[in-house]
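Asker: Found this in TrEMBL, in case it helps:
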{"type": "BINDING", "residues": "HIS200, HIS308", "note": "substrate binding site"}
{"type": "COMPBIAS", "residues": "19-33", "note": "compositional bias 'Low complexity'"}
{"type": "COMPBIAS", "residues": "38-47", "note": "compositional bias 'Acidic residues'"}
{"type": "COMPBIAS", "residues": "60-71", "note": "compositional bias 'Basic residues'"}
{"type": "DOMAIN", "residues": "131-341", "note": "domain 'Peptidase M24'"}
{"type": "REGION", "residues": "1-98", "note": "region 'Disordered'"}
Amino acid sequence: MAAQTADALANLKVKDPEAVMASAAAAKANGESKAPEAEDSDDDEDEKAPGEGGAEGAAKKKRKRKRKPKKAGGAVPTKQSSPPRVLLSNLFPSGEYPVGQEEEYRDENLFRTTNEEKRHLDRMNNDFLQEYRQGAEIHRQVRQWAKQNIKPGQSLTEIAEGIEDGVRALTGHPGLEEGDNIKGGIAFPTGLNLDHIAAHYSPNAGNKTLLSKDNVMKVDFGVHINGRIVDSAFTMAFDPMYDNLLEAVREGTNTGIREAGIDVRLGEIGTAIQETMESYEVEINGQTYPVKCIRNLNGHDIRQWQIHGGKSVPIVKSNDQTKMEEGEVFAIETFGSTGNGYVRDDYETSHYAKKVDAPKNATFRVSSAGKLLHVINKNFGTLPFCRRYLDRLGQEKYLLGLNNLVSSGVVEAYPPLVDKKGSYTAQFEHTILLRPTVKEVISRGDDY
């Protein structure tokens, strides 16, 4: 490179060779083989008078090279960034996304694995499967980043927005234009539930809560593509004394997944989950606690744009004879506690959702309620949302109207659910698809 720089200086007709040397050095630092000015030096030589050596000038003309056009757009990314901002479809240009964990059905449904009619039905569902698998891969990539980067001392708002920004970037749906969030993106508010708070807690504007090294935090977030919701959750703790609590709940969820399947009765799944989870105990600060299933929290089926479809999967012994059916999608989630094993409403509400069966001709006491309902219909439909999402859309002074929508039965409020103070709770959750041939744990990853 040094020899090329000297030749370039000799051929150039400039008044400031030191400036050119500096430019050449910069080009070298950028990995270029020749300084930009050197590409133009042939033009100067081509303009020599014949008396200055016409033959030599002709030879130089033959050696003149055309500039190569620069490629537009740069290189296509081949891996995810940190924080995650690369559109997932750019990483999977074929449109085929990773398959979740496939498990064969058992007993009388084992025939489904090889039955040609069921295999044909499975192939007919390819678009449905790819939408779910895309959402699941986004969930895996975002939560991988979250697990590596969430640290004590961060605010809950910072953590929630970091997860949500990742989901929006990878789906390609920022959610700021009317209707964009209904096409894809955030499926429901990010739950960051500390210690005795089991579910439905997301920071509202102005929340100053900081994550502590002593906290047990449930991280529950969802991704959707065209209303196909992937609902998955995990628990983080920074002190190993909580490990048995986390293991009990994780294994409870795995038991529920293992027992689930076409024609399985929901009550039987709850019995198996309870037997697994409540076989554990945990020692915290020198005191031993039995791990209890939170008996009034359940898993649930999922429908398009509807996080709770109508069926509940109990996590304790139950006589529910309702069966799982082919083609259904379920969130298998379990909650364990060192407290009472029972939750109640408490604290300020952040989660809301328009009811699927909301009255169409409701009248409102407050004029702002109707305007807010229009915003909800256009941006969320029946997908859950939180107050931060309304803030993000530029809505102001909407609480009166929002409360009016709740009291009118159009919108459902979901307050945080808590066990007794001083207790600790944990949660793990996966989304499963009951395909015609196999059960696919769509959100399964290397982490849980």
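Cβ atoms here come from the backbone N, Cα and C positions, even for glycine.
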Asker: Tell me, how many other CB atoms lie within 10 A of the CB of HIS200 (substrate binding site), whichever protein chain they belong to?
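Answerer: Other Cβ atoms within 10 Å of HIS200 (substrate binding site): 24.
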Asker: May I ask which residues of the same chain, at least 6 positions away in sequence, place their Cβ under 8 angstroms from the Cβ of HIS308 (substrate binding site)?
Answerer: HIS300, ASP301, ILE302
Asker: What is the average pLDDT across the domain 'Peptidase M24' (131-341)?
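Answerer: Mean pLDDT for the domain 'Peptidase M24' (131-341): 98.
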